[in-house]
Amino acid sequence: MMKQISILGSTGSIGRQTLEVVNSFPEELNVVALAAGRNRELFLEQCKAYKPLLVSLQLEEDALWLKEHLIKEKLRPEIRYGLDGLVAVATCHEAVVVVTALSGAIGLVPTCAAIKASKKIALANKETLVAAGQYVTKLAEEYKVEILPVDSEHSAIWQCLHGENRSAIRKIQLTASGGPFRQLNRQELENVTPEMALKHPNWSMGQKITIDSATLMNKGLEVIEAKWLFGVDYDDINVVVHPQSVIHSMVEYGDGSLLAHLGMPDMRIPIQYALSYPERWFNHLPKLNLTELKGLTFEEPDTNRFPSLSLAYQAGKIGGTAPAVLNAANEVAVHAFLAGQIKFMQIPSIVKRTLNEHQFQGSPVLEEILEIDGWAREEANKIIRNC
């Protein structure tokens, strides 16, 4: 039976790779709704190729431009824009699965709307669970909605848990490549430029997540995401640097068994599994050749050089609104770094200072989380202006 899917963030890295998976399985997958940000030219081509019923762009002017160009192609989907447009795509009646491939906390509201519409969630937008993990997981439980992880590490953990008793878990071993600056000293890190940071050694990703990988904040966000996806305490989630990115994560059980998920560093594999689950579909992607591996190495992350990882653990353990502040401040700091406004090593400093200014709240509802998100962005921007 063909699965009807909506994609939030179709012009981003994960969105484009999701469409590549769709192209490989034309009998199994069909796109019924698409949403994107500002890349209207690429979005136009996607609309022409997939002919969705409902589409949305960030700005009204881009939506009007899109409508004009689609009419020329004799295509007349429903066209929306802004946050209302994201929610419309997330709740599209025909869709069974919603791929949340947006970058940042902007994914929170449409993801919650999709859950309330009883859509299955293929989650690539980790910031949703970072900012509002307790709220979102309770909402999913209330509406009996499955959240299927798309992140390679969480997909790996999920697969290592199949058929196992969660109470038998001793530790989750979350692997990290270590990023492009794993071997740089503190002084060298001070001189890192955006161009240097955007060259990830193993993965093809968007700009924001690539910078997060370089600071190890991405791994910190994944720790918080893992806590909510799998119900494991922070003390039982361990990060290990694995530069080859062959083992995508591991689950250690109480009897001493360690189950690992191995594969090529290709995001299309976990995307495909989230869309095919509970089945596995054959594909023509490059396969891992064990005899070609020169070795698998592991090391402890250096939180002195990369303090973002420790900040994420601290915020996660505080709970409540702390992870939302962490996430929002980090988004602002990363964008400031990409714009040349701050140095690489100022990113964690700005996040820490924003966290220190916040009065934490426990068990916030969605409206409170969104309010705190806005406050944290303003506070981080204020700190940046005074740098």
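In case you wondered, yes, glycine gets a Cβ from its N, Cα and C as well.
Since this is a predicted model, take the numbers as computed values, not measurements.
Record note: Swiss-Prot gives Asp151, Glu153 as Mn(2+)-binding, and the candidate from Glu68, Glu73, Glu78, Glu222 in that site is Glu222. Per Swiss-Prot, NADPH is bound by Thr11, Gly12, Ser13, Ile14, Gly37, Arg38, Asn39, Asn125, Glu127; the candidate from Gly179, Gly206, Gly220 named for the same site is Gly206. Neighbour density for Glu222 (1-deoxy-D-xylulose 5-phosphate binding site): within 10 A of its CB lie 29 other CB atoms from the protein chains shown. A coil conformation is recorded for Thr11 (NADPH binding site) in the three-state DSSP classification, outside any helix or strand. Of all the binding-site residues given, namely Thr11, Gly37, Asn39, Lys126, Glu127, Asn218, those whose Cα is no farther than the 10 Å limit from the Cα of Asp151 (Mn(2+) binding site) are Lys126. A straight line from the CA of Glu127 (NADPH binding site) to the CA of Glu222 (1-deoxy-D-xylulose 5-phosphate binding site) spans 9 Å. Cβ neighbour count for Ser13 (NADPH binding site) (all protein chains, 10 Å cutoff from its Cβ): 20.
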